[in-house]
Each structure stands twice: as structure tokens, then as C-alpha cells.
Amino acid sequence: MSRSTYASPSISASRIQMPSLETVAAWLLALVWIFPLLYAVWAAIHPSDFVASFDLFAPLTASNFIDAWNEAPFMRYYLNTFLMVTGILIGQFIVCTLAGFAFARFPVPGRDVLFMLVLIQLFVFPEVLIVENYRIASGLGLVDTIAGIGLPYIASAFGIFLLRQTFKTIPRELEDAARIEGCSWMGVLLKVYVPLAKPTYLAYGLVSVSHHWNNFLWPLVVTNSVETRPLTVGLAIFSAPETGVNWATISAATLLSIAPLLIAFLLFQRQFVQSFLRVGIR
Amino acid sequence: MTTSMKSILQGVTLAGVLMAGTQASAQDDAVELTLYYPVAVGGALTDVIDGLVEDFEAEHPDIEVDAIYAGNYDDTRVRALSAIEAGDAPQLSVLFSIDLFELIEQDAIVPFDDVVETDEEREWLDSFYPGLMENGQLDGETYGIPFQRSTIVLYWNKDAFEAAGLDPEQPPETWDEMAEMASTVREAHDDDDQWGVMIPSTGYPYWMFQALAFQNGHRLMSDDGTEAYFDDPAAIEALEYWVALAEEHDAMPDGTIEWGTLRQNFLEESTAMMWHSTGNLTAVRNEADFDFGVAMLPAKEQPGSPTGGGNFYLFKDSTDEEKRAAMTFVRWMTDPERAAAWSMETGYMGVSEAAYETEALREYVEEFPAAAVARDQLEHSTAELSTYQGGRVRRALDNAIQAALAGDMAPTEALQQAQQEADAALRRYAR
Amino acid sequence: MRAVNSDRRMQVYGALLLLPAAILLGTFAYLPTIATLIDSLFLPGIRGEPPAFGGLANYQALIEDATFWKVARNNLVYALGTIPTSIALALGMALFVNARLPGRGFVRMAYFTPTILPMIAAANIWMFFYAPQIGLFNNLLDVLGIDGPNWLGNPRIALFSVIMMTIWKEAGFFMIFYLAALQSLPPDLQEAADLEGTTRWSFFWRVTFPLLMPTTLFVMINALINAVRVVDHLFILTKGGPNNATNLLLYYVYENAFSFFDRPYAATITVVILVVLAIVATVKFTVLDRRIHYQ
């Protein structure tokens, strides 16, 4: 994002004084956009009586967080989400690296057709096929396992595409040099390609982690028990309006579920934005 | 630490390794039971269940119980059946009392009659209120044992009644009275946004409607679950009354009223009366900072309410030993003392007469008479709407109710459409 | 001779590298797609019988199913309601953040934050806004003396309420792509325009907006896919109600498969979704960016 700092001087001197109307509009929009989150924080740190009636001097409390923490096994949900997200990430890195490498450098017969087939998965996601994917997961004994949540996402078309593009930009000479030194293909991949694609891995990793941290429908369908439920599913059944759990507790639970990712985002904002950009633009 | 390290390593090798969320068993010879259960009202009931399970395990070291909270009734049924399909069937579960036909169709459950052995156990099977057994029995066999059971009751805010010039101790006893009182409250509080009455119309609209229809002398389905009767004049009249509460009497807000937030509405005093499950009673009692009362629902031709809530079911795909252990657990959970404690903890009914005869519940009822209203209403109760293709049939009715309340369709038209949809869903089931 | 051998070896090696991805994609993308097509030709078994072949009976039922048409229409309205507005907002946000602005870092963060929340969490928060009587929106409107609507309970408004939340969730995400595009525009264009004294407004419409067209199309495709794919919020906000006013195709699939136990019918609706996605994919691959993939 740092480039934006250098982009603005191009605006001529006559327009350096930005019309305040725009500033006001930008800020208003920003406040509107951040407001829901602020409201959730407000609701979570005050007694439930104040959820519906705003009072600047309402007493602060941590009891909503404590209630939420005690009423649902959030620790376990964190662990499940963590295992799922890391498992998916590692799986994706391995599978997509191999496939991306093959598409970038190997004369596999029918390569273009195969690549097209892979790209179709950019449109046909596991969620769209929940009915049949559920049946397949069930047949493979994957229902109610963390592997079951993750496996359909491992061969990510997006990841394959991204790494293929990156690998293609790496000069052949580097590869040839490594070959001359006696590196095997695996050695070339690990010593030349993977290190040079580091920024892509970082970007793709951040996007993958935030996507799967937030993913809901497929995990909902494929998990049955506390031992496998990720945060989103745990949060959804904890706070389903049916239970009539009070709002302050739900707000606290909601914040608990988003906290790790949100904090990571606030700390590494630039990397996040850059990553989304890098993989989004393709 | 070592176990969590192990879990992490397992997660790391995820691409190749298929791992199940298995728990190491503490005792090799113990019978392990898994059960799914729902929570539909009243907040933090998971804590209560966990506590009960712990007590049970302490008393029965040879049985281990893994009780899994799985969301609302629909979610829980989906989870239980999904586990069966995946070959990981639970031995028992608490599911919607009206899931009976669906579970039988999926060939998932066995009757308790197959598992009981002694006379004492047979006696236990007969110890529950007959009204609570209606949804759980088919062709003379008992599939569902009542656990978290309810009827719909009327909660009213005595302070609001008083402020509107009504007798705070006198809840409405008929439809007309309720409409009248509700609009009186509304007129008195028009400026501060307090409504007269709210009947929830999301979540389980068919349940509320069934109460109205039954009060008007009408049952919505056949006993064998193959026919629905939604467009009967008595049913239409019931829906017209519901719609009129908003349209004519201006006593209820327009549009649907959310099942889940209704308790909050009542506690925030944005309505003077609400219809809700008795399972909310303890939560309302704990949180209300005004004086409130609980009454049976008002009558038209007759007073009455459908029963509701969850039953214990035994699943087919388990060993005899597991079935026996499961029954031991169900017996323990429905034992009068426990049923009494559960009732006090939640507001759900004590499921047997013996529960209300325990000292604890007798004293509780004496001090807090509202706790006995749901039970007293049982003699005017009817089975909850339960048919084959229950999901579709109920949804057809729910949609009709919501369309009528929103003013999109006239009650007659809406219910006729629901009837057609229900008939279509049940076409292949006619005996 | 040696070259041929090594060529063959390269082919085999490449195929082996592709194998894990091929197995996984086969299992979780192609196989289920084909199974969906086959499954849609069967009727569910009743009273415990196995499913029976039904030909096109499910498609016949689908055509006659008023709910399906309503849900399909909802999805179209949902797409039309979310996409143009979030794109316009995203572009506006990008222009704001790209210009000189006091507190730009905060503003950008505010716009982007909804993107990293799970839909479930966002829906939880918005649930409090929408609750009638006690919800925040109606409390605020009350202060202004306006009787707020029943946001999620009135079938004529409910879909709009869902759309509003979705826009809030998505606009910040799309903003990023515009931001990137804006920063890659050559600065001399702006300088030339300045010299000619072009107004900002006409500069935007005559220069910036056309140059951003590829980004707009890209964002549009993404938004279109999301409109079909993401139904998480319905689980919290409305469950598709009231009277199916907010039901979307994928949620209808879920209901049929898991609440009504009618998997073949769910498969039939899935086929419709697949057709829609196939059209989107075709448009993307043939019209929009042929150049990217076959360079």
C-alpha cells in the first residue's frame, strides 16, 4: 500500500486542498462501515441491560466474555479451527506446488486441456456440491473429521493457477544452473522455485487462512461433534436466535471467534491488503 | 501438552491421514454412549446437561456418555441422521418429539418395548403423563420417552397491565378477552412502543397456529401421519384471528415476530403478553425486573395447546449392551427427582406425576405457582403436528402463516395453498 | 534417442506431479458433479425403499415448483441488489482512499475490516440492528420519530435487509482491486488533464472509469459467484423466511437435502446452479480474459 503515498503527489498543486466535502463523505462512510464492529464491542463489554439502551456511562464488565467462554467449548473450537486452517494450508502448499510446477515446466500431454479442467474448479466450489460431496465424504469415512472439512479444498485451482503463473516468471537459466550442479527435479523445485515464489506463498497463505477461518457451510454439513466443529459452526449454533441466549453474550462470543484473525489483520494490515491484492489481481 | 502436540502433528499430516475426532477411553470395559441433544429456548442449558451427565457417570462408572449439543431441533436431527449415514451412529439422542415418522422412515430407531426386560422397567414406561406420550407412540409401541417437554403458555407483564388500567392478576381467558386487553395496553402505551401481545411466527409458527386451531376445536393432522387438514374452516378462522390481532386490534406488530428474540422483547417490556414455550420460564423468572404471571392459553371453543419439545430415542445401530446402557441413562434422566430438578432449572415440564410429587418440586410450585401451569394445561393438550415428510409439510404451513401475517395472502388462500403442498408431499403415503 | 527418453521421462514426471491434485479434484469436484447429474434423475425412496429411477420427473417437479421460481427470482434480485451497489461503493472507497485524506490509514482499515469477518459473525451483529422494537435501527429511527419497519420479518423488506448486510460485507473487499488499479494508472494522464483544465468529474468518467473497466469486470464476476455461493448469513438472519422471501438457491439445496431428506431434488436444484456457474465461467474464459491463460 505504500505506493499510494507516492501516487498522490501527481495531483496538481491547484488541487492539493482536497474539497472538504469529500473528506467528510469518506469519513462518514468509514464510520458507518466500522460502526457494526464497534457496536459489537460496546454490547460485549457492558451488562446485557445496556444492549438496547445506549448509555455512555454504563458500567464495564467482562462477564459476557466469561459467560460465553463457559457456555461453549471455545478452546476446543479454536483448536479445531487452527488444525483445520493449518492442515488445509500445508496440504494446499504441497499439492498446488507440485501441480503448479508440472503445469509451468513439464510437457505433460494434454496439458492445456488439463489446466482448463482445473480452472473449472474456480467456479464449481465444494460448497456448491454439498449434497454429493457429503455423500462422498461419508463413503470415505471423512464425516466428522477435520480431514473431511479440509480435503475438498486441498487441490485448490486458485493455488495451482497462482503458483503456475509465478513459476512461469522464473527464468529458466536459474533452473539450468541448478541442474548442472546435479540437482534432481525435486531439488530444483525446492531450491530454486519455491524460495523465489515466497511472496506468492505468503499472499496465498494469508488469503487461504482468512477464507477457511471464516468458512461455514461445508464445515457445518460435515461436522457432527464438538471435537471437529470449527469456530464458525460453533458460533452459529451457540448464537442461533432460537436459543434465546442474551445479546451481550452473543456479542462476546462473536468477538471471541473473530479476535485472532482481527488482531492479526490490525497488526499486519499492509500484508493482508497486499496479499489480497496480489492473489486477486492474478 | 503431549496430547495437543499430537493433535497438531495429526493436523499437519492431514493431506494423507484420515483422522477421526476420537477420544481415548478412560476405561476399556466401559460402555460408551454418544447422544445428540438440542436446545431451543432458555439460554445456557448445555451447562445443565453437562452437569447431569457428570452426575450420571459418577453413579455409573461402567457407562460413559458423550453428550453433544447440536443446535436447534432441526440441526440436531440432521446431525444425528448424518452420523448414522456415516456409519457412526449415536446410541441415543434427544430429538424433536415430532421427528418420529421421519426417524421410522429412515429406519433409525427401535421402540423402548424391545429393550425393556423387567416388570419394573415396563412400569417405568407407563409412568409418564399420557399427553406427553402421544407423539412418541405408533402402532402400540413406544419410541419416544419425554424429556424436555413443554406446552405453550401465556406470559403476561403485571406491571404493564396495571399501568393500562387492567386488573394485573387477571390474564385473558378467551380470544376476545385477549384481543381486548392487548389493544387496551397498546392504546395506553402507543407512544412508548409497547405492544399488547406477541405470538412468535418464526422458528415454529405451525406450533402456535396449532394451538389456535385446537382452541377452535380443530386438529391439523391424522393420527397415522399421512394426512394434513390445513384448510378447514376452523383452521381458517384461527388464522384470521391471529392476523386480526395486528390488522384489526392493532395489538401486535405487523410482519413476523422472531421466536428467538421474543423473550428479550418481553423482558424489555416491548410487549405486555407473549405466547412462548414453558421452557423459557426459568430464564424469564431470572431476568425479569417486573412482576409477571403465567397462564394457560386463552380459549375459543376450548382451552388448549399442543405439547412440544424433545424426546429420548434409542437408535437401532447399536449393540444390545449399548441399548441397555442407553436405557439406563434415559431412566436415570427421567427419574422423578431429576425430572423435578430439570423442570426447576428450565421451566420445562416435570414429565411424570411422580416428579410433581417430589418434595423439591412441590415446594417450588407452592412458592412459584407459574411452574405448574404447563402441567395443568396438559389435560387440554393435543399432540404436536407430526406427519411423514414432516419438514415439507410443516414448512408449507409455516409459509402460509407468514404470508397471511405479512398481508401477502388472505388466510383462506394461504391455507388452501398449504393444503395443496402438504397433499402433494404426502401423496405417496396414503394408506 | 536420449532426448526422446528424457522427454518421455519428463512427461511421466510431470504426470506424477499432477497426480495428487488430479485425485483430489476428481474426488471432490468432477465425481460429485457427475453424481449430481445422475442423482437428479432418481426419485427418493419412501418408507425405507431405495431410490427409483424417475427420468426427468424431478425437473418436471422443479418447473412446477412455485417455491423454486421464487427462490430463483430472489437470487436474481439479490445479485442485482448487491453487485452494482457494492461495486459503486467499492469504487468510491478506492477513490477516497487513493486521494489525499486525513486519517487515510484508519479510513482504509474501516472499509476493509468487514471483509475479514466471517459471514456468521457479521450476521450475528446485524441481527441486533434489525430486530424490531428493541433493535438498534428502530431505536435510532424512533429518536427521529419514525416507526421503523420489521426489517427481517416483513417479506417485502427482508431481502433488502439481507442485501444491505451483504453490501457492507463485500464492498471493502472489492475496493482493494480498484485501489490497485488506480495506483497503476499512469500519473501523466492526470497531469495532462490538469493542464487542459478538465473537471475532476469529467476526467473520472472520460478517463479513469474506462481505464478501470477490466477491474470492474473482474470484480463483477467475483461478486456474481459470491451471490450464488455464499448463503451463510441466512442461517442466522432469516433461515430463508418469512415465507421464502429471502431464500436463495444454495440454501434451498441445503433445505431439501438436509431438512427434507430429498437429495435427488436437491441435486436437481444443484444442476441449475451448475448451469448458471457454467455460463459465468464461459463468459469469463471466452470473452473476458482469454489472453491470461494461454500466453
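Going from the start of the chain as shown, residues are counted 1 onward.
Backbone N, Cα and C define each Cβ position, glycine as well.
Those TrEMBL annotations? Automatic predictions, nothing curated.
Fair warning: this is a prediction, and the values are worked out from it, not measured in the lab.
Feature annotation from TrEMBL assigns transmembrane segment to C:12-31 (among others). Listed by sequence, the residues of this chain that lie at least six past the ends of the transmembrane segment (C:12-31) yet keep a Cβ under 8 A from its Cβ atoms amount to none.
The feature domain 'ABC transmembrane type-1' is assigned by TrEMBL to C:72-284.
Residues 104, 107-108, 111, 159-160, 162-163, 166-167, 170-179, 181-182, 204, 212, 216, 219-220, 223-224, 227-228, 248 of the same chain lie 6+ residues outside the transmembrane segment (C:76-97) yet bring a C-beta within less than 8 angstroms of a C-beta in it. Feature annotation from TrEMBL assigns transmembrane segment to C:76-97 (among others).
For C:109-131 (among others), the entry in TrEMBL reads transmembrane segment.
Feature annotation from TrEMBL assigns transmembrane segment to C:157-182 (among others). Long-range contacts of the transmembrane segment (C:157-182) within the same chain, counting only residues at least 6 positions beyond its ends with a Cβ under 8 Å from a Cβ of the stretch, are 74, 77-78, 81-82, 85-87, 89-91, 93-95, 97-98, 111-115, 117, 119, 122-123, 126, 130, 149-151, 208, 211-212, 214-215, 218-219, 222-223, 226, 230, 233-234, 237-238, 241-242, 245-246.
Annotation source TrEMBL lists transmembrane segment at C:203-225 (among others).
According to TrEMBL, the transmembrane segment annotation covers C:265-287 (among others).
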Folded-back contacts onto the transmembrane segment (C:203-225), same chain, C-beta under 8 angstroms, at least six residues removed: 79, 82-83, 86-87, 90-91, 95, 170, 174, 177-178, 180-182, 185, 189-190, 193, 277, 280, 283-284, 288
